[in-house]
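Student: Sharing a structure, written as structure tokens. Questions coming.
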Amino acid sequence: MEPYKTMTVFPSGLRSSVELKNFRTLNTPLLLNRKRCFGISGIKGHSAVGSSIDPRRSFTKKRERENSLLDGLIADSSFYLATHPQLLQPSSDSMDLLPDLWRHEYWLPPGITWRDMEQMQECPRPRDLLFALPLALGFIVLRLVFDRVVAPPLGRCVGLRNRLRMAVAPATKLESFYTQQNRQPSQSDIISLMAQCDKSQRQIETWFRHRRNHDRPSYTKRFCEACWRFFFYLIAFLAGLATLINKSWFWDQRECWTGYPQQPIERAHFWYYQLELGFYLSLLLCVSVDVKRKDFKEQVIHHIATIFLLGFSYCSNYVRIGTLVMLLHDSSDFLLESAKMFNYGTGWRKTCDTLFVIFAAVFLVTRLVVFPSKIIHTTLVLSMEVFEPFAGYYFFNLLLMVLQALHVFWAMLILRMANKFLFLGKLDKDERSDEESELEEEDDDKGEGEEKDEEGECCWERSKDALNSKLKMLNKSFVLNNLNNHRAAIVSKMRKAR
């Protein structure tokens, strides 16, 4: 008789290999106690060889002792498991790695355990989030194909043209200083480089300006990035709207907490979460090769906060409120990317300005009005009608507050652009994230002015040379005419004298 086949009499819950190992470890001291009580040294009992007792009778007694031992073992194990219900908690491979991190007190409201969540059929499980990693790699590969196949034809349709860049003259010492020390040398560095390279200050400043412009991303790269994000945000917004438009919690946010946390997740919302999480992971992985803009740090914070927000809301079954947050953000993001696409083209100024006005209105309404009044109010206040605060409640709302702080930061940049648009009548540049930095912008403007001055001086030199040559020609012709006139006068006088 195999003792572990008797596990079927216990309550359901001993499914994983870890629980079976705990069960065997738990039964080991009980088995030894039973052996001592029955006075036997092992399961097989004493050998009947060399004894006067009938072998068949000895075997029967041994079998009876084994059965009594197993009956007592089952009784003791059942009593111990009944007094220690935590041994019956279901576990997964991901939870076995960090058991202290996956305590249900951190992730679930009071009175709810992971076993209660496992009893649902369509329950969000933490291990499902691992599926987002291959999705992120797939997004990176798909983006590479998109940048080479789809984006270039679209760029030609909008009249995308890159700026002409001045060729950088080879200079070993200046290149070494640029790559190893600083891209923008100070006045003392320029003086030192003047002595080393035997060049004037203006030549060194011009070389560094041209070198920085050579490293700046082209309009083609910026257009491809904006185009890729536009298509994803647009598809994600339309798909999310289609799956949420007929849901009760889309219209009444109190329904987000009806039956929480034992709310089954629909298949469409599962894929909505996985695709959004995989996309933001791909953005975080590509942040080092993407265009670095003025709000680079804020973008990185936004990506990290979004990834933590999606992951935690999925594990804690904040799926309903999480889908609303994703839909709210996608509603304005695709408008911004479309405005950038037309901004990089030629002849689309009115279209770009119109899209920017629509984006600014949608962004300010959704991020500064709807997000705090509906989303944050729902998670902070309305959720307290269903459960008491726990660790996950504070962590989730903290991440929402981080996003709201970023919304306020970007709203200030948008209002600055709107102010310029109202008073100047056009958008000079994207204050939110389209240029490298204000310092480089000023440096480029200064450099362009100096280049124009240099071009003006060159033109003046060329025109001066042309004027001098013309004056010389006129002078020669004038002298020649005078000589001819003087000769004609002399000839006429000689004729009269004759």
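For all residues, glycine too, the Cβ spot is worked out from N, Cα and C.
Feature table excerpt (TrEMBL):
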- 129-146: transmembrane segment (TRANSMEM)
- 161-218: domain 'Homeobox' (DOMAIN)
- 163-219: DNA-binding region (DNA_BIND)
- 221-423: domain 'TLC' (DOMAIN)
- 230-250: transmembrane segment (TRANSMEM)
- 270-289: transmembrane segment (TRANSMEM)
- 354-373: transmembrane segment (TRANSMEM)
- 393-415: transmembrane segment (TRANSMEM)
- 434-458: region 'Disordered' (REGION)
Student: Please list, for the domain 'Homeobox' (161-218), how many residues fall into helix, strand and coil according to DSSP.
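Tutor: Summed by class, the stretch gives 35 helix, 0 strand, 23 coil.
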Student: If we skip the immediate neighbours and take only residues 6+ beyond the ends of the transmembrane segment (270-289), which ones have a Cβ under 8 Å from one of its Cβ atoms?
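Tutor: Those are 124, 128-129, 131-140, 143, 232, 236, 239-240, 243, 299-300, 303-304, 306-307, 310-311, 314, 319, 322-323, 326, in sequence order.
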Student: Out of 129-146, 230-250, 354-373, what stretch is closest in contact terms to the transmembrane segment (393-415), meaning most Cβ pairs under 8 angstroms?
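Tutor: Stretch with the highest Cβ contact count: 354-373.
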Student: How does the model score the DNA-binding region (163-219) in terms of mean pLDDT?
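Tutor: On average, pLDDT over the DNA-binding region (163-219) sits at 80.
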